[in-house]
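Per Swiss-Prot, the features are:
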type    : residues                                    : note
DOMAIN  : 1-159                                       : domain 'Obg'
DOMAIN  : 160-329                                     : domain 'OBG-type G'
BINDING : 166-173, 191-195, 212-215, 282-285, 310-312 : GTP binding site
BINDING : 173, 193                                    : Mg(2+) binding site
DOMAIN  : 355-433                                     : domain 'OCT'
């Protein structure tokens, strides 16, 4: 079965519930005052890394997921219930990007690491919340805010210290099965391994995670064969084992095989060929194995590259583990282990800017072919949605918000006069003064 390590989804947080207008009705107290409760907050969309999750298969066919809306307010000062959060569990190693600008939102590298992807809308106020010594019987209430909507991509990149790369049938699965308790499918034909296989290799009181990456073919960097599906998984590895088969059945020339794999890695990402790498010649026990090894060794010596010879099948690994752990320790002491963490400013999720505090929102006024003034303003859009125009008190409040935004002054500055028509959100208004 093919692994699902990439998907695109649309997530929508819950909308806030609406506040209501209600009045207390108590015996012997006919003027009980306002009693409309606030709406509940909408549920958030939360992503959480889980070590028991190893695929994005459960999201593959779910293109749009929703958190629960908050409930509307109720009479007798009863507030609406908050909407339930939508919790999505993802594999450790998942990177989440905003599809709109391709920016990284979060990189999950720890078990139980959580991230609020979309914030739920705040519940609207009921009329009880507007009561004051000046306004004892307010006919004011609010709609709840809309929940955030985000289109994202989720991509799993496995967290392994050592990646094993090479052509199909080079012996990668056999090698990881001999080094660890991993049980990959092994057979004498190409593309036996169809998904990355991870194995923990313990050696001299130390341990590293090895990843057997499905075999690459020519033009893998352009998507041929399994292509990009698995090249991404070695991006996180500190070091690579480049495994080359010495069996004439697997390739015509081990030197050419080396160059082809290096070329594919370079095309996919120049950073891959800059990683610390061990070149290992496998199947030294086959006919002409020694002869082909000497040819490869001589070829690589010209590039100042050493090569180890092993037989993974017979578990004749020589000093392979010595070299791997030595190179790994040297690498992390020089550069530090991969933390895969984001800069601090990216760890802090942006705040939903659908609020009246967004004072720097630009106000755009243009004249259309019908001689109407077309107004575009996010803050005005927010308050039109927030304040229902169903009571005189609400209409007055909306008028005050329009003045605060400065729309009247802006219209006058561009030449608008009494009797002109203002068009906003499908509605027409007439300037009276």
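Each Cβ is built from the backbone N, Cα and C atoms, and glycine gets one as well.
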Length of the line joining the Cα atoms of residue 214 (GTP binding site) and residue 173 (Mg(2+) binding site), in Å: 9
Find the average pLDDT over the domain 'Obg' (1-159) in the predicted model and report it. 92
Take the Cβ of residue 214 (GTP binding site) and count every other Cβ within 10 Å, whichever protein chain it belongs to. 25
If you measure residue 166 (GTP binding site) to residue 173 (Mg(2+) binding site) at Cα, how many Å is it? 11
Across the domain 'OCT' (355-433), what are the DSSP residue counts per state (helix, strand, coil)? 30 helix, 16 strand, 33 coil
Taking every protein chain in this structure into account, which of the binding-site residues 166, 169, 172, 173 has the most other Cβ atoms within 10 Å of its Cβ? 172
